[in-house]
Amino acid sequence: MLKSVIENVHALEIFDSRGNPTVEVHVTLSNGVVGKAEVPSGASTGENEAVELRDGGSRLGGKGVSKAVNNVNTEINDALKGMDPFDQPKIDQTMIDLDGTPNKGRLGANAILGVSMATAVAAANANRQPLYRYLGGIDLEMPQTFHNVINGGEHADNGIDIQEFMITPIAKTSFRDGFEKIVNVYHTLKKVLEDMGYETGLGDEGGFAPNMKNSEEALKALHESIIKAGYKPGEDIGIACDCAASYFYNKEDGKYHLEGKVLTDDELAAYYDKLLDEFPELMSMEDPYDENDVEGMVKFTATHKDRIQIVLDDFICTNPALLKKAIKEGAGNASLIKLNQIGTVTETLETIRMSRKNGYNTMISHRSGETGDTFIADLAVAINGGQLKTGAPARSERVEKYNRLLEIEEELGKGERLAFFPDDVDHD
């Protein structure tokens, strides 16, 4: 039987969960098998992220993606026709070379990523394998999940500067059992916030966006909700924060303007220590310092790496070269993985491999502008013992990922997943 090759690559403009245009791609193979992917988009973006190609002009507020769509349907389609869909590295490198820029800005990272993801899906479908199996092989584990239930920063219009307050199931259990605990805490949190006199409108990622005074108030609400839901903070349910410090860092004075205070690196560390002392269930912090504040991040890592997980997002932008630099400098102990920060499946997997090889945990992440695409759920399982954050257990574009994980767990037939920060994961 003849080997299947790529017959056609087609894109169209669709809309994400924030009502902004994004790219959907269909890759059709010569045997009739099709792979589909939808590309997400972020609200808070790092300086070194691969570049989304937007149209500009007056249409759709300048956010249209017809140029990216056209690039898929012309240049990329012409370049990939007849290629082997199972050679993902070659497919991705062909598009990188075709683009010819260091940040995928000519063809658009949104165009390239859509094709990269859809090709992987098509190859998995052609193999009659689920995507997680195609990407990950045999040894698979359900991921540790992190759920953004109180939104601040760029994700909500309120007074909280820290961007995300997450809850995570930390007792060894099935994914389903852990997720049910999260759902219970989420609904309890709504009642707690209402009792505190706050509105319970939702932010971009399905979390509540109460107009609180400061981060301590948000953490107190989470602590109380965990207990009222019948669980033990730090034993059943943990807390994590995405500080997104670049958004309260002032480049002019080199200080952090956080909730009415102006803080130096050391003063910010002292502020974080106060939170950690008051809330020992706080187990993970993402981007606690500005993406260009290498000194602050390295110093914080040296003093806190054995106490909490320090996740690098804007600091590395899922870029192997930036991760290599961070490892050499001693920054962080975990990598946040966002497909659209780097723009191809191959480079994403390279960043994951480099992280694991150097003892860094890996957390797969959604973006604030999401679709119903569940690629990241399969990816989180494929990497075996990783972590996943994809919003609250609300809003369909978030819940789709969790429902996909429930399906995968049913298929795997496993009743137990890894505990928080497993020390028995093979990082090689």
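Keep in mind that glycine also has a Cβ here, set from the backbone N, Cα and C atoms.
For the Mg(2+) site, Swiss-Prot lists Glu286, Asp313; matching the candidates Asp236, Asp242, Asp373, Asp378 against that entry yields Asp242. Binding of (2R)-2-phosphoglycerate is attributed by Swiss-Prot to Gln163, Arg367, Ser368, Lys389, and within the candidate set Lys191, Lys328, Lys338 the record adds Lys338 to that site. Shown are the binding-site residues Gln163, Ser368; the one with the most C-beta atoms within 10 angstroms of its own C-beta is Gln163. Following the DSSP three-state reduction, the secondary structure of Gln163 ((2R)-2-phosphoglycerate binding site) is coil. Each of the recorded positions Lys338, Arg367, Lys389 was scored by other CB atoms within 10 A of its CB, and the lowest score goes to Lys338. Put simply, of the binding-site residues Asp242, Glu286, Arg367, Ser368, the one whose Cα is nearest the Cα of Glu205 (active site, proton donor) is Ser368.
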